[in-house]
Amino acid sequence: SYYFEGGLRKVRPYYFDFRTYCKGRWVGRSLLHVFGTEFRAQPLDFYRAAARAGRLRLNEEPVRDLHVVLKNNDFLRNTVHRHEPPVTAQPLRILAEDEEVVVVDKPSSLPVHPCGRFRHNTVIFILGKEHGLTELHTLHRLDRMTSGVLMFAKTAAVSKRIDEQVRERQLEKEYVCRVVGEFPEHEVVCEEPILVVSYKVGVCRVDPKGKPCKTIFQRLSYNGKTSVVKCLPRTGRTHQIRVHLQYLGHPIVNDPIYNMEAWGPDRGKGGKIGKTDEELLKALVEEHRSKQSLEILGISEEDLNSGGESKDCGDSGDCTKSAEADPVNGNSCPAEDVKDPERDAKDPQKDEKDPEGNDIAACPPNSDTNLETLEKDKELGSCGNQDGQTGQKGGEEKDPLCVECRMSRRDPSPKELVMFLHALRYKGAGFEYCSSMPEWAMDDWEE
């Protein structure tokens, strides 16, 4: 249920059931202990209140005692009141559609699929609700803050065919961005390895221990202050273009991560940071906290308090893993590292792993990263527009247990939700899709 306000697309708060089977590491532990060690976004008093209100169910029976010891195959359901961050009100344009694929021009700030605090404000859900396009397969992804060409397959066969092209390096991707300073006129090739610092905050850096990658850059124009640069990534690492530009000393002008003071006086040029990873993350968070702009990172104070690391869905480089979603019926795609939804549904105790091979921490109630199955959300009765239709903001019911309902957040401005990085072209065997050059990339553009 959307409404538009101040250049933003907003979602009315709604009730949502998180569901999961008992993890192997939870067996023999009390529910109270599990909440206290792995679901730390809320204090234990919150879970006690949720149990009293009938919001917690174990094997579909209300939880009366949080000291109950969990057993193998136990099924846990937690009903929460969700508030999604706003995204830009710029429309999601369909560039092309046939019997095999759907190609869209994704606005900045919009995640590709449900993750973290985002569900309805995602490309997958908007395509389902507003265009009737469901059961799409994700062929690749764009960072949440990156705009541009995004492809989906309509069938598993098409998805498999294009995945093979990705593995065989047959796809060509072209991006355009606006960076700080005068970028060199000659072609620049950066092959610095990239390491993920934090999945939760979504931060990477150049490091010898990182994964190998390569990006080719070519300047298109310079206006005396900033340069427009064409980017040709030859690999698809997380934040690859953004990290390489920062390393070269020309970060994207309005990059909310890699052009921040937290990186030091040189803003990470040449890999010079002068901080440990922990100090860097703390400085980045504090800089955004002081500007009341944590929402720009797609995280909240609750996420930061939850502990553990989980993938920052939607802020990743190109990803070839297929995922299905049915927004109309309320079924979300699985976590981003689950390759076979049917297999995982049959094996609900399967623990998901992060790319480094470590267990992903159990998600707090405001994140659906590692829950195997997601229940259809239940819109608030007082909100109206129950069929996902857009409309004007109406009265919103306050939930007595919801921390978000008691908080007042500053909405980001539409300008803050645009980053000057755009996927301009995507080409493979037998297809090529392009979007228009964004306004900020024009020769005569001025800040």
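Don't overthink the numbers, they just go from 1 along the chain as shown.
Backbone N, Cα and C define each Cβ position, glycine as well.
Curation plays no part in TrEMBL annotations; they are all automatic predictions.
Note that the coordinates shown come from a computational prediction; the quantities given were computed from them, not determined experimentally.
For the domain 'Pseudouridine synthase RsuA/RluA-like' (101-246), the DSSP-based tally of helix, strand and coil residues reads 28 helix, 55 strand, 63 coil. Sequence annotations record features per position, and here TrEMBL assigns domain 'Pseudouridine synthase RsuA/RluA-like' to 101-246.
There are 26 other CB atoms within 10 A of the CB of ASP143 (active site), with all protein chains counted. The feature active site is assigned by TrEMBL to ASP143.
Annotation source TrEMBL lists region 'Disordered' at 296-400.
The annotation compositional bias 'Basic and acidic residues' is assigned in TrEMBL to 336-356.
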Confidence summary for the domain 'Pseudouridine synthase RsuA/RluA-like' (101-246), mean pLDDT rounded: 94
